[in-house]
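Participant: Features from Swiss-Prot:
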{"type": "ACT_SITE", "residues": "Asp85", "note": "active site, proton acceptor"}
{"type": "BINDING", "residues": "Asp85, Gly86, Arg90, Asn159, Glu160, Thr197, Thr200, Ala201, Tyr202, Ala203, Phe204, Ser205, Arg259", "note": "NAD(+) binding site"}
{"type": "BINDING", "residues": "Asp189", "note": "ATP binding site"}
Amino acid sequence: MTAHRSVLLVVHTGRDEATETARRVEKVLGDNKIALRVLSAEAVDRGSLHLAPDDMRAMGVEIEVVDADQHAADGCELVLVLGGDGTFLRAAELARNASIPVLGVNLGRIGFLAEAEAEAIDAVLEHVVAQDYRVEDRLTLDVVVRQGGRIVNRGWALNEVSLEKGPRLGVLGVVVEIDGRPVSAFGCDGVLVSTPTGSTAYAFSAGGPVLWPDLEAILVVPNNAHALFGRPMVTSPEATIAIEIEADGHDALVFCDGRREMLIPAGSRLEVTRCVTSVKWARLDSAPFTDRLVRKFRLPVTGWRGK
């Protein structure tokens, strides 16, 4: 007896291309007896540019509408994403909770995290139906806020942890510590702690290097630091990075992947380590990361002759 198959579809709704691509996903999965699960916030009445469950059921698609909570992807084999990097990061959280792969199809601008572009959706669906994809484990970060030695908040990140000063506030005074030893104290707009996956995102814009995603490391990037030694550092993946906020300064904020926000009171401490739970990444493209880097950033390679 064939096991019941189900895919969670996460879509950046509200645009024609997303709806058209989602309709194609619905038809192909339905034709192949693969059930579809969609998020309640993306499932509204007919006539909108969102997903319409009643229309799908009328076409013979088995569909379930669920809330976007920690159990949204339970029982699914894959999370399929139609959107840009922001949508992918939202979907990655759901996939991580269920320990299943996430596969991105780009409908945004750069879409660095996506595995394919929208025009390749038929080829993508062939791989999904055949379960023909590789799965990579991507390093994630565990984030802890301590105040007076007590944990007051915690979170996680796939791309980066961004410590930032509050809006319209002065320079943020911090001390950066690695593996229990102080490295540098300075004033800044913030500090980024990034994974290799996130090195092409905010950390790159802040002056950090690009790290190949199969490299196991943690990247620390001061953001507009007023310091002689305010340079990016690449640490061991097993390092503990701590950032202490000056006690006589002001509160700060931490953003995990630009989505989950935490308050960092003055005098408290932010600790970032490798998380034991990774994000499972479905890969279709066998091309090296170098090709993706050149393609997504449109890097000039004219004149290259090779061997």
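Note that Cβ sites are derived from N, Cα and C of the backbone, with glycine treated the same way.
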Participant: Give me the long-range Cβ neighbours of Glu160 (NAD(+) binding site): same chain, 6+ apart, Cβ under 8 Å, in sequence order.
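Facilitator: Spatial neighbours, sequence-distant, of Glu160 (NAD(+) binding site): Leu141, Leu192, Val193, Ser194, Thr195, Gly198, Ala201, Tyr202, Ala203, Cys256, Asp257.
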Participant: Can you tell me the three-state DSSP label for Thr200 (NAD(+) binding site)?
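Facilitator: Helix, per DSSP.
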Participant: Hey, of the binding-site residues listed (Arg90, Arg259), which one tops the CB count within 10 A?
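Facilitator: By the 10 Å Cβ neighbour count, Arg90 comes out on top.
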Participant: Tell me, how many other CB atoms lie within 10 A of the CB of the residue listed as 'active site, proton acceptor', whichever protein chain they belong to?
Facilitator: 22
Participant: Secondary structure at Glu160 (NAD(+) binding site) (DSSP, helix/strand/coil)?
Facilitator: strand
Participant: Near the Cβ of Thr200 (NAD(+) binding site), how many other Cβ atoms are there if near means within 10 Å?
Facilitator: 24
Participant: So which one is it: of the binding-site residues Asp189, Tyr202, Phe204, which has the fewest other Cβ atoms within 10 Å?
Facilitator: Asp189
Participant: Arg259 (NAD(+) binding site) to the residue listed as 'ATP binding site': how many Å between their Cα atoms?
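Facilitator: For Arg259 (NAD(+) binding site) versus the residue listed as 'ATP binding site', the Cα atoms are 19 Å apart.
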Participant: How big is the gap, in Å, between the Cα of Thr200 (NAD(+) binding site) and that of Asp189 (ATP binding site), rounded to a whole number?
Facilitator: 20
Participant: Let me know the DSSP-derived helix, strand or coil state of Asp85 (active site, proton acceptor), please.
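Facilitator: Going by the DSSP assignment, Asp85 (active site, proton acceptor) falls within a helical segment, counted as helix.
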